[in-house]
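To start, the structure itself, in structure tokens.
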């Protein structure tokens, strides 16, 4: 009985993290916004219409603000702040539900549309009973607390949340091109231009996150989505942490991506994310993580030894970047700004400027 009461209070206490949703704000769930979102779970409804409307509204509403190809620096701090934010409390009846976008252990994600504004979103639906059985209420609260306050073109937006007796609903930005992991599986590996573009986007997003004292700790293909123009979106902040001291000792993340300090159970800081993007860059270019082995113990051994082996087709520039990120001693890892400015990244990246959001009221 006590457990149920604790769980109930945990969900109720989430109200302190409710995200403002207001007219006059680029946060608002509005059909005039350039960025789509996601909504709750339910029956399949108007799938083709919703997808078609999503593409049309993105093209028309973003219009001339859309980026043109070129390596233009992104000022992630220039996003407009909301004016007179008002809390909007949603229910499942506020949405039309479309096709499933993904399924997980604790729930599903659906394409959805806000009835009032016709705004397209992706709704993550989590079952309270599953979360409570695994003791993950705190992790969900952390995800909401952190992701709802991040504003960067390469970080998936969490617009709002609500809950009913059985479920918690996260209203998320809709990433039209889907999961990066599936695309990597389809192509087996990416070319240098695509990989370098992703590295620049990741570095810029993580500079922003670390500036907010947020460590992601679980950067991997499964936690990355692609936006309308193919731009990368960091998602799933369930393992991330807002640590003002930037030092943690919790074991988390994915085995193949764990840095040496976490394997050894030592305190760690934001430099774990530098290791992770080094692993990710290798997987982009080669098709599998560098320390992947038949057993956990062998994977751990290779991580601690930094047993890094490059295939002959990998360029010297890519090898140099990966080698400078995968250093056993965290302080020796290449800083994120240096990743953006690395010769291989600058020579190969095809990053484009993201849509520019207007600060004018959304009527």
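Backbone N, Cα and C define each Cβ position, glycine as well.
Positions annotated as active site, proton acceptor by TrEMBL: 218. Residue 218 (active site, proton acceptor) falls within neither a helix nor a strand when secondary structure is assigned with DSSP, and so counts as coil. If you draw a 10 Å sphere around the CB of residue 218 (active site, proton acceptor), it holds 21 other CB atoms from the protein chains shown.
Marked as ATP binding site by TrEMBL: 105, 124, 173, 174, 175, 222, 223, 236. Under the DSSP three-state reduction, residue 236 (ATP binding site) is assigned to coil, being neither helix nor strand.
Residues annotated as SUMO2 cross-link in TrEMBL: 220.
The annotation domain 'Protein kinase' is assigned in TrEMBL to 95-345.
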Considering each pair of residues in 105, 124, 173, 174, 175, 222, 223, 236, all listed as binding ATP, report the largest CA to CA distance in Å, no decimals. 21
So what sits near residue 105 (ATP binding site) in its own chain, CB-to-CB under 8 Å and at least six residues off in sequence? 130
Need the DSSP three-state call for residue 175 (ATP binding site) to compare against my parser. coil
Which of 173, 222, 236, the listed binding-site residues, has fewest other Cβ atoms within 10 Å: 222
From the binding-site residues 173, 175, 236, pick the residue whose C-alpha lies nearest to the C-alpha of residue 218 (active site, proton acceptor). 236
